[in-house]
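Student: According to TrEMBL:
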- 96-116: transmembrane segment (TRANSMEM)
- 123-148: transmembrane segment (TRANSMEM)
- 168-188: transmembrane segment (TRANSMEM)
- 200-222: transmembrane segment (TRANSMEM)
- 242-264: transmembrane segment (TRANSMEM)
- 300-322: transmembrane segment (TRANSMEM)
- 342-363: transmembrane segment (TRANSMEM)
- 375-398: transmembrane segment (TRANSMEM)
- 404-425: transmembrane segment (TRANSMEM)
- 432-452: transmembrane segment (TRANSMEM)
- 486-505: transmembrane segment (TRANSMEM)
Amino acid sequence: QVVSTSMATPLAAPLFSPLSLSSARNRRSYPKIRFQSNNGSTLESNGHQKLNLSKCGKLDGKRSKFLQMGSREMTFGRKLSVQAADGAGTGNTSTISSNVLAIAHLLVSLGIILAADQFLKQAFVAASIKFPSALFGMFCIFSVLMILDTVVPAAATGMMNFFEPAFLFIQRWLPLFYVPSLVVLPLSVRDIPAASGLKICYIVAGGWLASLCVAGFTAIAVRKMVNTEMTEAEPMAKPSPFSALELWSWSGIFVASFVGAMFYPNSLGTSARTCLPFLLSSTVLGYIVGTGLPSAIKKVFHPIICCAVSALLAALAFGYASGSGLDPVLGNYLTKVASDPGAGDILMGFLGSVILSFAFSMFKQRKLVKRHAAEIFTSVIVSTIFSLYSTALVGRLVGLEPSLTVSILPRCITVALALSIVSLFEGTNSSLTAAVVVVTGLIGANFVQVVLDKLRLNDPIARGIATASSAHGLGTAALSAKEPEALPFCAIAYALTGIFGSLLCSVPAVRQSLLAVVG
């Protein structure tokens with residue numbers, strides 16, 4: 001007679017639990033069987049030792065069958081244990097393979113975008129074309145996507161999926177590409193008189209508020225006229241947060257490269273190349289730490305500011321320790337020499353890819369653009385024209401030097417295209433342009449939500465358009481983090497403001513009229 005049985009297998013615990021990774025997973029588990037014979041003697045077995053059946057007398061057919069069943073269960077348990085162990089190993093291998101493929105996918109897609117940007121730059125320089133090459137590339141990509149979507153929709157979807165890793169990478173690191181202009185700001189403003197600096201601050205702060213009002217109220221007025229009902233936009237993927245592994249990896253790179261540059265100043269051929277690893281890693285570390293700060297602190301200490309401060313502190317520490325001073329280190333940070341790039345040159349090299357990525361975001365929201373074309377295009381056009389000409393006029397009224405006024409004309413346009421715009425004019429300060437654009441974005445990022453509430457601009461479309469038209473990418477990131485429903489309109493207005501501003505300033509007559517206003 002069977003008194004009790006118990007069966008334990010390794011599958012009682014989850015396959016990927018800590019228990020499954022311990023040495024206990026290699027131990028065998030067997031069924032415990034206890035028999036009692038008619039004469040009262042008992043026998044227990046753990047399935048590992050052989051049963052001495054003679055001690056229990058002769059077993060009848062049922063008992064024999066039961067013993068066979070227990071043996072089969074024991075064998076099945078052993079098979080499951082082996083299969084579980086094999087499955088865990090297969091799962092780890094497949095995870096590693098998928099990670100390697102994902103990294104390769106990112107490198108290939110991002111590499112194609114960067115290579116296309118460089119090819120267009122060289123082609124436009126060789127042909128002496130004064131038009132933003134990245135903007136032309138963006139139009140080409142968008143046109144290809146639209147044609148494929150009409151002829152072979154699956155091909156357009158495949159193309160979007162292929163470049164999605166690169167697009168998410170650019171989104172994730174976008175604010176970092178603006179930082180170099182802030183890091184070298186001490187060198188850029190050194191020759192600018194203090195009075196002129198105050199005038200620039202007044203134009204930037206007042207101009208941001210004016211552009212916000214113009215774009216927002218224009219959008220409200222057009223919406224009342226067309227009365228288009230707002231529908232749900234296409235969901236936009238969000239980049240993944242930074243991990244502790246990334247933080248410690250960049251920290252290790254910083255320490256090793258900083259110490260190496262101290263003892264071997266020209267180990268990589270030039271001082272700029274030698275300083276590049278620790279200056280780049282300090283910039284990245286500042287951004288990673290800044291994004292992890294509490295929201296209350298980020299309102300006054302934006303991740304971009306944290307990023308710039310981190311790079312400046314690293315440059316200051318190296319300049320003091322090496323005895324070279326701060327200025328040479330900052331000069332190595334942004335050399336503007338293609339054959340000897342610094343950390344800032346590497347980061348700003350991604351600005352062209354930012355413009356190319358606009359094609360993918362606009363294509364993804366093409367239905368939204370078509371539905372709300374009246375509000376979006378009217379607001380962007382009016383706001384861009386107002387921003388350019390009001391900056392020129394106010395600069396003349398307050399007596400700002402013409403060269404400085406022209407340098408800050410594209411204050412509401414993203415850095416990549418703002419630099420392309422000022423390159424169309426002579427005698428401009430491109431470093432000042434980039435710094436003014438970033439400061440405008442920081443003002444918008446910190447105050448846009450409060451100001452929109454005070455102005456009673458409650459419509460998501462108006463809020464998104466007003467934010468992107470006045471504070472480009474940084475304002476967009478700040479507003480969309482708290483108001484996701486405004487993100488699609490921010491993204492579209494952010495791209496279109498830069499596009500229309502570049503197209504407008506590419507017309508010689510418009511440039512002449514702006515110079516005439518500047519005086």
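Placed from the backbone N, Cα and C atoms, the Cβ positions cover glycine too.
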Student: Among 242-264, 375-398, 404-425, 432-452, which stretch has the highest count of C-beta pairs below 8 Å with the transmembrane segment (123-148)?
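Tutor: Between the candidates 242-264, 375-398, 404-425, 432-452, the best contact partner of the transmembrane segment (123-148) is 404-425.
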Student: Taking a Cβ cut-off under 8 Å, which residues six or more beyond the ends of the transmembrane segment (404-425) line up next to it in the same chain?
Tutor: 130, 132, 134-135, 177-178, 181, 192, 196, 200, 203-204, 207-208, 211, 351-352, 354-355, 383-384, 387-388, 391-392, 395-396, 432-434, 436-438, 440, 469-473, 494, 497-499, 501-502, 505-506, 511, 514-515, 518
Student: Out of 96-116, 432-452, 486-505, which stretch has the largest tally of CB pairs under 8 angstroms to the transmembrane segment (168-188)?
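Tutor: Most contacts with the transmembrane segment (168-188): 432-452.
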Student: Test the contact criterion for the transmembrane segment (486-505) and the transmembrane segment (300-322): 3 or more CB pairs under 8 Å, pairs 6 or more apart in sequence, then answer yes or no.
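Tutor: Contact between the transmembrane segment (486-505) and the transmembrane segment (300-322): absent.
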Student: Give me the stretch from 96-116, 242-264, 300-322, 342-363 with the greatest number of Cβ pairs under 8 Å to the transmembrane segment (432-452).
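Tutor: If we count Cβ pairs closer than 8 Å to the transmembrane segment (432-452), 300-322 scores highest.
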Student: Mind checking which residues reach the transmembrane segment (242-264)? Cβ under 8 Å, same chain, six or more beyond either end.
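Tutor: Beyond its ends, the transmembrane segment (242-264) has Cβ neighbours at 274-275, 277-278, 281-282, 284-285, 288-289, 291-292, 314, 317-318, 321-322.
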Student: Quickly jot the same-chain residues contacting the transmembrane segment (342-363) by Cβ under 8 Å, restricted to those at least six beyond its ends, or write none.
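Tutor: Counting only partners 6 or more residues beyond its ends, the transmembrane segment (342-363) has Cβ contacts under 8 Å with 110, 113-114, 116-118, 120-121, 132-135, 137-142, 145-146, 149, 156, 160, 163-164, 166-167, 170-171, 173-174, 176-177, 179-180, 183-184, 236, 272, 275-276, 279-280, 283, 311, 332-336, 369, 414-417, 419, 491-492, 495, 498-499.
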